[in-house]
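**Q** One structure is given below, represented as structure tokens, and several questions about it will come after.
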Amino acid sequence: MAAIKYQVIKKDARTKARLGILETPHGVIETPVFMPVGTQATVKAMTPDELKEMGATIILGNTYHLYLRPGHKIIEKAGGLHKFMNWDRAILTDSGGFQVFSLSSLRKITEDGVEFRSHIDGSKHFFTPEKVIEIQNSLGSDIIMSFDECAPYPADYDYVKRSMELTIKWAKRGKKAHKNTDRQALFGIVQGGTYKDLRRECAERLVDMDFPGYAIGGLSVGEPKDLMYEIIDFTTDYLPHDKPRYLMGVGTPEDLIEGVIRGVDMFDCVLPTRIARNGTVFTSRGKLIVRDAPYAEDFSPLDEECDCYTCKNYSRAYLRHLFKAKEILAARLATYHNLYFLIKLMEKIREAIRQDRLLEFKEEFLKKYYGNREE
């Protein structure tokens, strides 16, 4: 039995967007979907009940962070990540590849794996593709990721080619090591930087390995937006129609819409929770920096069109006060709103695909979103 089952329900008439159903051991997910990030087995400032209330059906955990603290064996003893954090819906864990390359110092990459030092205490560790699968098997997440090397931007062709070759070798080894196939679906990750021939080669070779789903990695790392969209558009052409496609680390409202139009089904990003803690919120009329002075006497909600708990009960002036006073509730209320905003945006996107009016929806949404920009 496969761990997941994916079905395309409807294709948009004028774009590559798809409406789908993804069945997992912990529930059914309607796609396209945005997945809140719970790096350390918690979506920062939110309880699982609040996430359910806002409509989250799948969240992320992070292999690198959970391996270092509290340790995957402790989580396994607790009965797995779902039990440990009291979340009974789906979980996807990323492989830790990105964190090893971005957070840890003194890393040494060999064909066998990566030696790195913990960003917490400087202790030395070694990740191999097999080790990363073993950790994720202990965590018990529904969808797990291959260990990959995420090349920086910009990077020269030869470096990215070597990195892509390594990603493919590691994917093969990880797939061989993965034993829990009836309960955990392992996705391959397409790398190749901004070089189309490398993206194509990586996608085709991973598709030959027949993974139950495919991720597009190595984007949103500093490249221009137009180039990112071009690479997404190009890459999805080489991925199977009957498997889910996951764009890693991308999650601004405009990026979600553009990604869906180019055939992506799943997204995650720390941005909505991170900017919320700094006093920035998404609204239907663009980003709003609620801690700024103009809102000191603004008693309207963050977004007149939003019916989340925060917008129904509190004003911009109150949120500004909480941020200025450094109250914990500030982060909670702003985070709730931002996640709710993106989850509802995905609902609207799915409805637009249903009605074959995604391009019209994009135009209406962006016209309003960019019409009153505060960035």
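Using N, Cα and C of the backbone, Cβ positions are placed for all residues, glycine too.
Quick paste from Swiss-Prot:
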ACT_SITE  D94  active site, proton acceptor
ACT_SITE  D268  active site, nucleophile
BINDING   D94, S95, G96, G97, F98, D148, Q191, G218  substrate binding site
BINDING   C306, C308, C311, H337  Zn(2+) binding site
REGION    249-255  region 'RNA binding'
REGION    273-277  region 'RNA binding'
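Tell me what's around each of these sites.
**A** Cβ neighbours of D94 (active site, proton acceptor) (same chain, under 8 Å, six or more residues apart in sequence): L60, N62, T63, M145, M248, D268.
When Cβ atoms from all protein chains are considered, those within 10 Å of D268 (active site, nucleophile) total 23, not counting its own.
Less than 8 angstroms from the CB of D148 (substrate binding site) sit S95, G97, T167, W170, A171, I189, Q191, G217, G218, each of them six or more residues away in the same chain.
The Cβ of C308 (Zn(2+) binding site) lies under 8 Å from the Cβ of M54, Y336, H337, Y340, F341, each on the same chain and at least six residues away in sequence.
Assigned with DSSP, the residues of the region 'RNA binding' (249-255) fall into helix, strand and coil as follows: 3 helix, 0 strand, 4 coil.
Residues 36-37, 43-46, 287, 331, 334-335, 337-339 of the same chain lie 6+ residues outside the region 'RNA binding' (273-277) yet bring a C-beta within less than 8 angstroms of a C-beta in it.
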**Q** Which state, by DSSP, holds D148 (substrate binding site): helix, strand or coil?
**A** coil
**Q** In this predicted model, what is the average pLDDT of the region 'RNA binding' (273-277)?
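**A** Summing pLDDT over the region 'RNA binding' (273-277) and dividing by its length gives 98.
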**Q** Among G96, G97, G218, all listed as binding-site residues, which has the most CB atoms within 10 Å of its CB?
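**A** It comes out as G218.
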**Q** Write down the Cα-Cα distance for C311 (Zn(2+) binding site) and G96 (substrate binding site), rounded and given in Å.
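**A** Each residue's Cα considered, G96 (substrate binding site) and C311 (Zn(2+) binding site) end up 35 Å apart.
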